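Q: What follows is a single structure, and I will ask about it in a moment.
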C-alpha cells in the first residue's frame, strides 16, 4: 500500500515524507540530508562516501591551499624570510577549516560524514528536473541530491576565508619585514579575489567530480615542466642544488600519485599499485631530454649549418 501511494510522485527527485513508519503528505522536495528512493519516499542519507568521493573532496580542499602557496610565493620576494611561515600558516588554516567542516556536518562532532551517493549526472542539477504533471504548474523538488558534496565545499571555503582573515594579517604585519607596506598583504588580497571565483566555479562542480583526476595530472605536469624550465634544471646536480627544488619536485610527485589513484580508484590493487611507479617518469624524462632542446644549442647548430 505504501508503494502504491508513493509511486505516484512525478519526476526524479520528488517524494513523500515518512512519519512514524507511514507515508504522509503530498509529493514535494525532500528535506536536506534526505533523498527520494525508488518508492518515492524521502529517505535519510546514512551511507559513507566512496573513496572517489573522498578524493573529490580532497581535490576541492587542495585548490585554496595551492592558490595560497602560489600567491605567497609570487608576492613574497626573494629576500623575504616570512614566506615559509606563511606557507605553514596557509596549510594550518586549510587543515583547521577541513576539520571544523567535518565536525559541523552530519554526524555532528565526528570526523566522518553521511552521504547520498552520486547516481547520475542529473543529481548535481536537480533544479533542471522539476516536473510539471499538468504541463502548467511546476512541482518544485530542487534539493541537494548529492548531499553533502555540493554544500560542504562552500562551508569549507567560508571557514578558510574566516581563518585567513583572523590569522594571516597579524602574521604578515609582524613577519614580512622584507616587503614594502603595499606588498605585504597582496597574497591576502589575492585570496579575497580567488575565493569568490572558486565559489562561482562550484556551480559547475559536477564537471570537477568527473574530470578532477585528469585536471590534477595535466596541471601538475604542466606546472612541473614550467618550473623546471624557469629554474634551468637540466641535470640531477641542478635539481639537488637547492632544497626548495626538491620540495617542489616531491610536491608534484604527490599530485601525480593523487591523480593516478583518483583515475584507477584502486579497484584492483594488484593492477593499480604498480601504476604509481610512473610518478617519477615526467621529471626523469625532462632531465634526460632537456639538453637536446636547449634553445642556445639549437640556434648554434642552426648557425653552423648542422
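The chain as shown is numbered from 1 upward.
Placement of Cβ uses the backbone N, Cα and C atoms for every residue, glycine included.
Heads up, here are the entries from TrEMBL:
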type     : residues : note
TRANSMEM : 54-72    : transmembrane segment
TRANSMEM : 84-104   : transmembrane segment
TRANSMEM : 147-167  : transmembrane segment
TRANSMEM : 188-205  : transmembrane segment
TRANSMEM : 211-230  : transmembrane segment
TRANSMEM : 246-266  : transmembrane segment
TRANSMEM : 272-289  : transmembrane segment
Q: Three or more CB pairs closer than 8 Å, sequence separation of 6 or more: does that hold for the transmembrane segment (272-289) against the transmembrane segment (147-167)?
A: no
Q: Have the transmembrane segment (211-230) and the transmembrane segment (84-104) got at least three CB pairs under 8 Å, pairs 6 or more apart in sequence?
A: no
